[in-house]
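Heads up, the thing below is written out as structure tokens.
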Amino acid sequence: MEGMVNREDLKSMLPFLPLLLGSSNLFWPSQVVKSLETLSKGPLYSKVDSGELLFNAISHIRDSLALPSLQPVAPFAHGGYALFFDELISRAEASKWFEEVVPALANLLLRLPSLLESHYQDADYLFNGVGTGLRLLGSQEAGIVFLGQELVAALLTCAFFCLFPVSDRGSKRLPTINFDNLFEDIYESYSKKQENKIKCIMHYFERICSSMPEGFVSFERKVLLLEQLPLCVSYPEADFWSKSVVSLCPFEVHSSGFIEDQSNGALEVDFANKYLGGGALRSGCLQEEIRFMISPELIAGMLFLPCMEDNEAIEIVGAERFSNYTGYASSFCFSGDHVDKRNVDGFRRCKTRIVAIDALCRAGMRQYKCTYLLREANKAFCGFLDQSNCDHHKSPFQDGGSQGSQCMETDKDTNVVVKDFPMDEAPSTSVEIAMNRGEYINQVIGYSDKKGSWCLDLEDKIGIATGNWGCGAFGGDPELKTMIQWLAASQAARPSVSYYTFGIKSLQNLNQVSQWILSHEWTVGDLWNMLVEYSSRRFNKETNLGFFAWLLPTLFAHDAKMSNLTSTP
């Protein structure tokens, strides 16, 4: 443990953790240990058997931390804890919570220092030369963090106890992390959806206290560099899209169902806020917030991932789902336990891959300007691209070099320089690529140098599962956003797109349109150029038609005629 004090990753996190660092170890102040040990013995000993008394215990622990950066909790958080545990759940549920769950959470917090120390010990050996330790992954810092599910549970328990220092989080553009606002909101302006959001998280705690999961979750900041560097994909200009000859990938339309229920192992799109999690820990209850409630391990990323810039995305692999639900927004309702049966990969991560990409906010008419078309295409491209497999027409490792050759080849589409391997030694998966190239890449663009990004999926090619990204509160045009995501996924060499329309009327002809485009063998460049032409006309008020009707007026005129005929008495 002697090296703990010299770890740069730990140093970056210390201002945001409630622990103290001694000469060789992390620890809780002695008074905190005493309080947690009391809680761990159950309500007969601790006398904590209500929401009000639980909040008092939390306040006492917070006071014992004596951290100058620990600001007061939200003013009415105490009312929220009391309301939820003393009035909104049954007495049987409350008894179980205080007799079983609270003591287990206290024990988990007592283990947090040792869990973190073990994490940092292992972080240097997961990949050859690539750091995976918990650290502040700041803007433009491509990198990956691997956290054990038990450590994630301990960190979320800190958030429930409101123990994370928050005074420096704003200056680092970090999202909310403590749960005080979540509970305050239910007290200040009660809503059924807020009650059910909390029920999802409390159910997660009940599950992990009865059976602690033993896998891992990874959090990766992906970056399209704003400068040209070897082994990296840079932020494309409009000309890149206009001249692309990449074929559009197959496109499958689902008029019902949900992204998270897909079973093909696809990369699932989180319609994100630029601050990861959006209003998950406040009163938000849209697509992103719901996903964070049913898979609370996603919340851990909010601890150390500052907001995304236009050339960034966040990919999370391994977050287990714990809850079922019904409804959306105000009708959201926790509907019981969910047992996640997805397989695990070679890193013991559940095979759930989620990418957070934030769409243009308050899109309005500006979404039709080329500048913002480019912004949206590049944002989706950043999220969808696996930079370990960046050649869009062939394997990223090509024959042609002699045995032992290490010649460099530049991909003509992405400007990525790839390292040549003899065919008989070529890695078959991106994990093997990562392992074989780890030290080499680290020397050139390694995470420690804050350059580049590559995904660690076990499969070479997985599709995209998405829907109406940025089309709700952000005001995006669904027809435009659909096409943008399609061309970005195709350019990123994804084999397919599964699109969930959620039944919105403007996309009722999406299947016909996508199949027409595919039947005419359009390229990414063809679709991009058509979007640019349409958007220019829409922005200049030369057309009021949607993209689909503008593109295929005959099809839509026929549909309109048939609709009129069927509605005529």
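Each position is counted from 1, following the chain as shown.
Including glycine, each Cβ sits where the backbone N, Cα and C put it.
Please treat TrEMBL annotations as automatic predictions, because they have not gone through curation.
Owing to the predicted nature of the structure, the values given are computational and were not obtained by experimental measurement.
Features reported for this protein in TrEMBL:
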DOMAIN    90-221  domain 'PARG helical'
DOMAIN    239-508  domain 'PARG catalytic Macro'
ACT_SITE  Asp270  active site
BINDING   Asn273, Gln287, Tyr328  substrate binding site
ACT_SITE  Glu288  active site
ACT_SITE  Glu289  active site
Tally of DSSP helical, extended and coil residues in the domain 'PARG helical' (90-221): 73 helix, 14 strand, 45 coil
Count of other CB atoms lying within 10 Å of the CB belonging to Gln287 (substrate binding site): 24
Candidates Asp270, Glu288, Glu289: member of the active-site residues with the richest Cβ shell (10 Å): Asp270
In the chain carrying Asn273 (substrate binding site), residues 6 or more apart in sequence that have Cβ under 8 angstroms from it: Gly279, Glu288, Asp358
Cβ-Cβ neighbours of Tyr328 (substrate binding site) (radius 10 Å): 16
